[in-house]
Amino acid sequence: MRRLLPLAGATLLIAAAGGASGQQAGVGSIITRAMFESMLSHRGDQGCQGAFYTYDAFIKAAGDFPRFGTTGNDETRRRELAAFFGQTSHETTGGWATAPDGPFAWGYCRVNEITPSDPPYYGRGPIQLTHKYNYQLAGDALGLDLVNNPDLVSSDPVVAFRTAIWFWMTAQSPKPSCHDVITNQWTPSVDDRSSGRLPGYGMATNIINGGEECGKGYSTDNAKDRVGYYKRYCDMFRVGYGDNIACRDQKPYGGR
């Protein structure tokens, strides 16, 4: 793991979500089938493998994590889903600078890591689950033997989404979970604050791939790509970006 688009029709796509709040409705009240298809409209195009990722698989997987996309008020819920899809769209991007509909319309193009970095535990699925320890932890949490069958993450779309949401929801000390950071459930320690690690989308980037992308005093191309996707989805969901969306001034955690 390591230019906003025209929004004509976006109001219709989220109309059903306008009154949803708290934990009374699931993620499907914000990410309708029509919204999902609009967000990820190029995932099945030639050169992409993302037809693998289906709306039904996402909704089924999300149902296994009752706090995902249901924590807090309507604004918080929308921002969390924008953040989740922003990060995972970067991990699976097939976009380029002059791509049709813009570079941030090409999330979920990839299922497998293009250049396997740690075979057989290379990046797979929306979060590009990588390294044996993550396959072990995810498998233990989900009741699956992903160490001996890592291809489950790239052959079963429900499992793919479950591993991504598991990673999003799970703290790996000293890192908090992305979920807690985005939903204001995390209080930075004195060390976090002195290291510039504050709540916001940039902190999610730090959790996922901080060693490569954060604390450099400037935004790397990958970090910029993550922010671009996030802003696109926030605009589609009609929610503000919040504070601290970049991680250039955040010291990464050691080791991972």
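The count begins at 1 with the first shown residue.
Glycine residues also receive a Cβ, built from the backbone N, Cα and C atoms like all the rest.
Keep in mind that TrEMBL annotations are predicted by a computer and have not been checked by a curator.
Annotated features, as they stand in TrEMBL:
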type: SIGNAL; residues: 1-22; note: signal peptide
type: DISULFID; residues: Cys48-Cys109; note: disulfide bond
type: ACT_SITE; residues: Glu91; note: active site, proton donor
type: DOMAIN; residues: 159-169; note: domain 'Glycoside hydrolase family 19 catalytic'
type: DISULFID; residues: Cys214-Cys247; note: disulfide bond
**Report entry** Cα distance (Å, whole number) from Cys109 (disulfide bond) to Cys247 (disulfide bond)
**Finding:** 25
Query raised in the report: Which is it, of Cys48, Cys109, Cys214, Cys247: the one of these disulfide-bonded residues whose Cβ has the most other Cβ atoms within 10 Å?
Result: Cys247
Report summary line: DSSP assigns the residues of the domain 'Glycoside hydrolase family 19 catalytic' (159-169) as 11 helix, 0 strand, 0 coil
Report summary line: Averaging pLDDT over all residues of the domain 'Glycoside hydrolase family 19 catalytic' (159-169) gives 98
Report summary line: Whole-number Å distance separating the Cα atoms of Cys214 (disulfide bond) and Cys109 (disulfide bond) is 25
Report task. Measure from the CA atom of Cys109 (disulfide bond) to the CA atom of the residue listed as 'active site, proton donor' and give the result in Å, rounded to a whole number. Result -> 9
Report summary line: Around the Cβ of Glu91 (active site, proton donor), other Cβ atoms found within 10 Å total 27
